[in-house]
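Student: Have a look at this one before I ask anything.
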Amino acid sequence: MAGSSHPRRPLSSSGGEADRPVKFTNRTSSGRVVSLSRDDELDTPGDYAAQNDYINYTVMMPPTPDHQPGDKPDGPTVYPPPSSRFRSDGQGHVKMGSHASDADGGAGGGNSAGKLDRRVSFLKNNNKSMLLRSQTQDFDHNRWLFETKGKYGIGTAFWQEDQFGNDTGMSMQDFMDKPWKPLTRKIHVPAAVLSPYRVLIVIRMVVLAFFLAWRIRNPNREAMWLWGMSIVCEIWFAFSWLLDILPKFNPINRTADLAALKDKFEAPSPSNPKGRSDLPGIDVFISTADAEKEPPLVTANTVLSVLAAEYPVEKLALYISDDGGSILTFEAMAEAVKFAEIWVPFCRKHDIEPRNPDSYFSQKTDPTKNKKLADFVKDRRWIKREYDEFKVRINGLPDVIKKRCKMHNKNEEMQEKKRIKEKNEGVLPPDEKVEITKATWMADGTHWPGTWYDSAPDHAKGDHAGILQIMSKVPEYDPVMGGPDEGRLDFTGIDIRLPLFAYVSREKRKCYDHNKKAGAMNALVRASAILSNGPFILNLDCDHYVYNSMAFREGMCYMMDRGGDRICYIQFPQRFEGIDPSDRYANHNTVFFDGNMRALDGLQGPVYVGTGCMFRRYALYGFPPPRANEYTGMFGQIKTPAKTIPSDEEEPLTEEHPDLNLPKKFGNSTMFNDSIAVAEFQGRPLGDHFSVKNGRPPGALITPRPPLDAPTAAEAIAVISCWYEDNTEWGDRVGWIYGSVTEDVVTGYRMHNRGWRSVYCITKRDAFRGTAPINLTDRLHQVLRWATGSVEIFFSRNNAILATRRLKFLQRVAYLNVGIYPFTSFFLVTYCFLPAFSLFSGHFIVQSLNVAFLSYLLIITLTLVCISLLEVKWSGIALEEWWRNEQFWVIGGSSAHLVAVLQGLLKVIAGIEISFTLTSKSAAEDEDDIYADLYVVKWTALFVVPLMIIVVNLVALVIGLARQIYSVIPQWGKLFGGAFFSFWVLAHMYPFAKG
């Protein structure tokens, strides 16, 4: 069939027609393709726009109702189309040629050979829905499909085996295989919010510079002392504001794809035919130290939430560190494991959220929402009764243990009396005193190896043997399905296995420094490496439970994604329950967790905040990342790849910074040293794509764990002994870092200093939830501990000024702010007294409230308000939360931060050690008023300075007002300046005054 239904005149350069470019096809508004005549106006680009270059083409079409094969069309020359793996040889040939008869190279055909080189097919697409049509009329495609065996081509909807499956080597499965997908996405803050945010920061920086210059050039000659104090404070505030705001230049959001994680690691594949989980293992650490301040019921609920988490049972292990060696905690954990045998399958069967039973049964929402199984109500009623009995058993444990100990000790006393009588011929001497050691007894009638109620040698706090007890047996490799009567619940088709759970209490002796929580965590790192060796470690406080059962998987998305081998830890935000609705003392701390931490995620990553953090075990061991960058230049603008770990044949790496040296001294445990390489390999991302560097082969982690035996358990006990860390690098380069009360910040800083990155994982449903002290005294003591740790960091080698070149410039600024912010308290306290001094003296910080001063003040205030509003916009916090944070910044800065700086200076100058009491964890047992603790007044010396600020400003307001009222010539301008700033101070102090 010819390319045109009308006869065409021969093309010649000497023709009389006007020269116009050729047209081939055009798409109609309905999406169909029709042929174009050369009379239509169409501009073709490039070589095809040459004059006198008309091209005819012919499309070979298969038989259709509108087109039957006929005589071979004459005229055009046939050029075979380019070969394609998706097209058979007998399909869709495109014929192109010229009607010019000047084959001998005449005047009209002299350039025909060159023109033919440019005559290529415009119809490379072999889609039949585009070609199977008559060029004289539209082709009825639907009718053709109905009346004939139509061909749809190649794709996932239809596959014609006889046409496409024989000679191409392709099959339907090649199209059905899912392409490689990333596990996470980075979502940038919209430019409409971020751009004005950055511009306003720059504007405020410039205005602050001009304002401070103006203040220096215009002193108040009448009150130089007042002017001098104010200008020093304002310069420091500007510097402190810069340290806080600069790291917020690049906030980002992230999201994880749980479906992609499941497809990649748990779907059947050639390397994993049975679809077993290829995810790496996770070891969860829960730390507790005092059973009185940290109620065992709270800890037990946290344990239950971890055991019921949605993660492969055989890949999950739980360890609890009882640094007090308390039998109460030990037996509470035994009760928790017994209750978990029915609680965990119940959660899996009915998809319970949250999986902390206390929080679940305390919810005010409808428990039947989205529940479809008919036996849910019956199961819930039964499990609620079981949980109530469980709580009663936990609450009754102290009395049960004491009664048991009293009974056993009485029997011991009777046995001792009997022995004395036997020595004295059946007579007990009247002057003989029967003295026995009052031991603490276990339920099996043996002595408790930990701390006794009545302290004794080798059984006291800080002096007891190491304890390691496997509470739940190692889970089977294959799922163990329950039956119709598993504890009166129908668990048919439900996996009833429990993850590995171990109780650990490290050995303590009086002559050793045990390094508080950091030492306990390092003991867990070593013990878990021997028992399970999960390549990832999640640490939780005893009162922070799993609120989102999928949180482990979301964290794993970042670790297993492309580039995840450079991530040292995933920090989850801290969320709190039991806080008063008004959040009087900013306990939620949302400005930090949703603002500062989200902004740091756009740099090198958030800081480590002590709980809710998933670590890469290999990074905890002090090794550098497989790839890192160095940042040089004044602002770190020059990025170059850093040196990597050398192989055995290469020369050893010599670095100028001690943090970049490789760790070498891990202790004398061969089993532990052998586990390091295994943990590193198992923590690599899946090497299923050419862009994934340092990956492991698929299916490498589907083999079962080796079973635990007696030698393995004995080795685990040996590595938690108090002498194991002697002559090692534990606490210095390996594990949690010693020497600071805020060991969490220092540990994260060391990892960033080696070039690692961290990620902030904000899940749609909160990952973890915990409790926070709502009482003002407890809150201030908590802030005091954090601020004291920051002062220690500032005066140590962990100061960000001494960081390596692998730390980004703005990340360095953020860590520098961590060490400097407590020193703002000196200037803040001074500035809070300045309004009162102004009212007392009758002078102000400026000579007069002129237009320049008020203009600067207005611009600085407005830009700050706009910046705060935009920050509220991209961080998602509420304005009330921002204001509460500002109020508590003044309250904490004038009390806890000030004392922290003094204590830090005492430690640095005089060597006086700082001790802190453990923050009490609320058990929430007062059902009449869950906020009763908010109104309890506990006097502390931290109240002195804030009280002085409030009283002095109130008195100054009264005196200043009285002076102007009874003055012959009142100067209301000076009163207004001082009174305004006094009200500013009192507004910030309102929550403190409210108590």
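Going from the start of the chain as shown, residues are counted 1 onward.
Cβ coordinates are placed from backbone N, Cα and C, and glycine is handled just like the others.
Here's the feature list from TrEMBL:
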- 1-113: region 'Disordered' (REGION)
- 191-213: transmembrane segment (TRANSMEM)
- 225-246: transmembrane segment (TRANSMEM)
- S287, K293, E294, D323, K516: UDP-alpha-D-glucose binding site (BINDING)
- D323: active site (ACT_SITE)
- K517, D541: Mn(2+) binding site (BINDING)
- D744: active site (ACT_SITE)
- 814-838: transmembrane segment (TRANSMEM)
- 844-867: transmembrane segment (TRANSMEM)
- 939-962: transmembrane segment (TRANSMEM)
- 974-993: transmembrane segment (TRANSMEM)
Student: Starting from the Cβ of K516 (UDP-alpha-D-glucose binding site), draw a 10 Å sphere and report how many other Cβ atoms land inside it.
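Tutor: By my count, 18.
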Student: Taking pairs 6 or more apart in sequence, does the count of Cβ pairs under 8 Å between the transmembrane segment (225-246) and the transmembrane segment (844-867) hit 3 or more?
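Tutor: Touching, yes - the transmembrane segment (225-246) and the transmembrane segment (844-867) meet the threshold of 3 or more Cβ pairs under 8 Å.
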Student: For the transmembrane segment (974-993), could you work out the same-chain residues 6 or more beyond its ends whose Cβ comes under 8 Å from its Cβ atoms?
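Tutor: Distant Cβ neighbours of the transmembrane segment (974-993) are 584-585, 776, 832, 834-836, 838-839, 842-846, 849, 884, 886-891, 946, 949-950, 953-954, 956-957, 960-961, 963-964.
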Student: For S287 (UDP-alpha-D-glucose binding site), which of the recorded positions K517, D541, D744 has the nearest Cα in space?
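Tutor: Nearest by Cα distance to S287 (UDP-alpha-D-glucose binding site): D541.
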Student: Between the Cα atoms of D744 (active site) and D541 (Mn(2+) binding site), find the distance and write it as a whole number of Å.
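Tutor: Cα of D744 (active site) to Cα of D541 (Mn(2+) binding site) measures 12 Å after rounding.
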Student: Mind checking which residues of the chain, 6+ beyond the ends of the transmembrane segment (939-962), have their Cβ under 8 Å from one of its Cβ atoms?
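Tutor: Distal contacts: 777, 780-781, 784, 829, 832-833, 835-840, 842, 891, 894-896, 898-899, 975, 978-979, 982, 985-986, 989, 992-993.
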Student: Taking Cα atoms as reference points, rank the binding-site residues K293, E294, D323 by distance from K517 (Mn(2+) binding site) and give the first.
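Tutor: If we rank K293, E294, D323 by Cα distance to K517 (Mn(2+) binding site), first place goes to D323.
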Student: Suppose we draw a 10 Å sphere around the Cβ of K517 (Mn(2+) binding site). How many other Cβ atoms does it contain, all chains included?
Tutor: 20
Student: Any idea what the Cα distance is from K516 (UDP-alpha-D-glucose binding site) over to D541 (Mn(2+) binding site), rounded to a whole Å?
Tutor: 14
Student: Do you know offhand how many angstrom separate E294 (UDP-alpha-D-glucose binding site) and D541 (Mn(2+) binding site) by C-alpha?
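Tutor: That separation, Cα to Cα, works out to 10 Å.
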Student: Cα-Cα separation of D323 (UDP-alpha-D-glucose binding site) and D541 (Mn(2+) binding site), in Å?
Tutor: 13
Student: Return only the integer: C-alpha distance in Å from K293 (UDP-alpha-D-glucose binding site) to D541 (Mn(2+) binding site).
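Tutor: Approximately 13 Å lies between the Cα of K293 (UDP-alpha-D-glucose binding site) and that of D541 (Mn(2+) binding site).
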Student: Around D323 (UDP-alpha-D-glucose binding site), how many other C-beta atoms are within 10 angstroms of its C-beta?
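Tutor: Its Cβ shell of radius 10 Å holds 23 other Cβ atoms.
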Student: Under 8 Å Cβ to Cβ from D541 (Mn(2+) binding site), same chain, six or more residues apart: give me those in sequence order, or none if nothing qualifies.
Tutor: I286, S287, G610, T611, G770
Student: For a quick check of packing: other C-beta atoms within 10 Å of the C-beta of K293 (UDP-alpha-D-glucose binding site), how many?
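Tutor: So the number of other Cβ atoms within 10 Å of K293 (UDP-alpha-D-glucose binding site) is 13.
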Student: Around the Cβ of S287 (UDP-alpha-D-glucose binding site), how many other Cβ atoms lie within 10 Å? Please give the count over every shown protein chain.
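Tutor: Excluding its own Cβ, S287 (UDP-alpha-D-glucose binding site) sees 21 Cβ atoms within 10 Å.
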Student: Largest pairwise Cα distance, Å, within the listed UDP-alpha-D-glucose binders S287, K293, E294, D323, K516?
Tutor: 16
Student: What is the total of other Cβ atoms whose distance to the Cβ of E294 (UDP-alpha-D-glucose binding site) is within 10 Å?
Tutor: 24
